[in-house]
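Colleague: Supplied in structure tokens, the structure appears directly below.
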Amino acid sequence: MSGYPPANQSGRPRPQQGGYVDPFNDRHSPATPYGHGQAASPAPLNNGQQHHHLASSQGPGHQQQQQGRPTGYALHDNPSYGNSMQTLPMDSTYSLNDNKLDYDGGVYPDEEVESKTPLRSEFGIQQGPYDQDQPLYSAGGYTPRPPGSYAGYPQSPAGHSLPGRQLSRKQTSAEASHDLMRIVAWKQRQMIDPNRAQTKKVKLTQGNYIVEHPVPTAVRNANLASNHRGGPTEFSHLRYTAATVDPNDFTAENGYTLRASSYGRETDLLICITAYNEHKILLARTLHGLMLNIRDMVNGKWSEFRKKAERGGTEGGMKGEAWKKIVVCLVFDGIEPADKNTLDVLATIGVYQDGIMQKSVDGKETVAHIFEYTSSLSVSPKPALVEPHPGDPNNLVPVQMIFCLKQKNAKKINSHRWLFNAIGRHLNPDVVCLLDAGTKPGKRSIYYLWEAFHHDPHLGGAAGEIHAMLGKGGRKLLNPLIAAQNFEYKMSNVLDKPTESAFGYVAVLPGAFSAYRFVAIQGRPLNQYFHGDGTLAARLGPKGQDGMSIWTKNMFLAEDRILCFELVAKANERWVLGYVKPAKGETDVPESAVELIGQRRRWLNGSFAAGVYSLFHFGRYYKSDHGILRLFFLHIQAIYNTVNLIMSWFSLANYYLTFSIIITIVGESLRSPNKIAGGDPETISCWSGSFLEDESGDSFDWLGLVNWLFQVIYLMFLALQVILALGNRPKAEKLTYTISIAVYAFFSLYLIFCTVILTIKAFCPIKSILAEASGSSISVFLGSTYGPIFAGIAGTFGTYIISSLLYLEPWHLLHSMPQFLLIAPSFTNILNVYAFCNLHDVSWGTKGSDKVDALPAAKSKTDGEEKVVVTHEKVQEDIDLGFKTTVLRAVEPFVEEEEVVKPTMDDRNKTFRTRFICVWLLMNAVLGLAITRLGAMARSRYFQAILWITFGLSVVRLLGMIW
């Protein structure tokens, strides 16, 4: 039947005689304000009479195929199916902020709603040629997979896919067995049955393995249905390149090309998502948010990006559809650590396939596997599939995607080298935007970043506002660590970033959400930036990793700070850095003390070393082309940064001195207020409240003892942090670190209480002092002891309150500031101590992978005058069958597994050592402190006792020798 189904009927495929159901049809999807998401079917193809859907294959028993329709996929136009099943709501119609889009009324997805995708059995999916119950190895030998598991992939006891991980300690037998299961499962995923596959000859291009593989029929039809004009095979084939060279050598001269450049397209915006071992929901959150941003940039009538593309750019460049000027690049840091569920998400949208990677080409090891495909499909964080529907203005637009899967883990800086030196040189973009997997770009955030570069020709880099993800209804604020970090992020966005942007030099553009002008970072900025890449150590020699001191290596832990400084100080240029507040990104923050300690170690050591580097090389600014006024402000900023650096260096002592002095003053003043101000009656009245005749103050001596004990405990816990940091893994000392944070939070609360008392009492007699003093009240006030008290209070609280109110964002003051005030001492006494005690840990090096061995190796043969590789390629029917299970894994509800860290024998030994040292130090400290608190007579008697004991021991040894 031609035409589209009525609006009240689902245009999606229905169950077939073979027992298959559309894997994209969510029969249990929750109702939305728009009903159950009825939408029209995709646009007609070919003769316009048939509608190609993302539907599942028919069963093996159902051999009849309708004429003109793709093999293995059911296509239905018959509205008689009605609305017997609820369809999956179109996720691109949910709002991120205000439940609407300005230009089209669309909405963003609500990622808090869990997917209710039917399980495998509910779909009636039968076994395919690669879906046999082959046993997987376990501790007890080969055992069948758990019920409900999917072919070729390991499952948790709950039946959910398990992410890949990187081991950092000795494995238990159970872990070793579990990892062996992963390896076996990965090999199964990469296997191609030669008896069912077709033979394909791949011609090598200058010795490079570059091949195009057909995508699943459902993916092809969905993307073709969008009616966008693309390249010859842009929507029908996935392009794969086995890159066997260093990123610097991935050039056209060496025979490597990318689709976008080969089509002659100009790239205005290159967006990169870097990932390590993030799970599929984190990747979907970032990628889907990015797809929505790109849709708005391309479709919005307000978009200057769209207008620029339509008129061919400001320089009269090539005109065309706006989506062709955007490329999204995903760089995964190694096969081994990558969560294999994320590959299912990428395979669902068409940018990845199992079974086509080659671990080497003619003996040259593959360095990176590069996949290219243009797709308008997405997987939302629910997770749920988002597909285009004809005539719907909320449809996602085609996005040119490049997926770079590095064969080995080589760190994030190497991922950026693939982005800038390999992919970037082919595309030559105007702006490069960086995101970490897990960062959710807000509405129009990418556009706002691009717009900042578009309007300021001297802007070399920019950062958006990153804030903590607080969960539905802000429930994560119940965790004080998250609330404290949220306050940190907010105040950095309100105070630090705007101030640095005004100077023209933002100290750090976070890799999680920032952007650079590609031409600005070419040359020295990138060259200096990539000195920290361990894979370049042999090439760089003494300037590389092998020739670096431990201090320089720490500096490259915050390599983004190095890039920022080099960009502003670039010779003969006048690039500046800026902060774009409307561009917002949301990211997860550590939820436990152990996670926070591990994250801040790198941040603190790297930022401190990089800060020193920028100050020592300040003279480089004089070689730039900055004007006199800009240089003046850069000098002011350098002074500001120097003071900040000094304060950071002495923060450990300053925190203790502040605590000790304030509680001591309060205690002594309450014990003998008659001694304050030379016995002034009004001051005595202020402190005592009414009347105090006891001049000795014995009634308050207990407070002095309590304050002394608090100071001792403070120092003891500080010593404990040093001992823990030097010898123990944080994961093995979770309880100890949690207790330490709680103790310092109590001290912070007590300090706040004493500060309030001190402030109130100190301001009590100010009227009489002003009356007796000569001069204006302001001069007396500033010249007295009350001026610094007021300045301290205003600097601590007043600045936070005033700046937040000016930005019209005061809510964090209510729900996050109290927690921050309690946790703040731990940032210095715990996190700083751990970071500096582990200054030697720079986390360099790469890691091999057992999973790489599962990949086939391409070996060429001479065919006439050409070199070809004979390989096996799945037939279309098998590609489609495998795609069904891939989609089911991708949209399977995600259950995050808690990592149960069991202390190893080495951990237990270190824990015993730590506790032994702590007991020894504690008992000796208590004895020494207790004796010093005694009177002179008692101390003399103790000293005499020590002498007599020493004499007695010596006599015993002498008698023993004589005997």
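Keep in mind that glycine also has a Cβ here, set from the backbone N, Cα and C atoms.
The region 'Disordered' annotation in TrEMBL covers 1-175. Residues or ranges marked as compositional bias 'Low complexity' by TrEMBL: 58-68. Among the features that TrEMBL reports, domain 'Chitin synthase N-terminal' is placed at 199-268. Marked as transmembrane segment by TrEMBL: 643-666, 708-727, 739-760, 789-808, 916-936, 942-960.
Describe the structural surroundings of these features, if you would.
Modeller: Here the domain 'Chitin synthase N-terminal' (199-268) returns a mean pLDDT of 89 for the predicted model.
Same-chain residues lying 6 or more positions outside the transmembrane segment (643-666) and placing a CB less than 8 Å from one of its CB atoms are 608, 611-612, 615, 707, 710-711, 714-715, 718, 747, 750-751, 754-755, 757-758, 825, 828-829, 832-833.
Only residues 6 or more beyond the boundaries of the transmembrane segment (708-727), in the same chain, are considered here, and those with a CB under 8 A from a CB of the stretch are 652, 656, 659-660, 663, 733, 736-737, 740, 743-744, 747, 750, 829-830, 833-834, 837-838, 910, 913-914, 917-918, 921-922, 925, 929, 933.
Long-range contacts of the transmembrane segment (916-936) within the same chain: residues 708, 712, 716, 719-720, 723, 942, each at least 6 residues beyond the stretch ends and with a Cβ under 8 Å from a Cβ of the stretch.
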Colleague: Should anything in the same chain at least six residues away from the transmembrane segment (739-760) have a Cβ under 8 Å from its Cβ atoms, list it; otherwise answer none.
Modeller: 480-481, 593, 658-659, 662-663, 665-666, 669, 710, 713-714, 717, 720-721, 789, 793, 821-826, 829-830
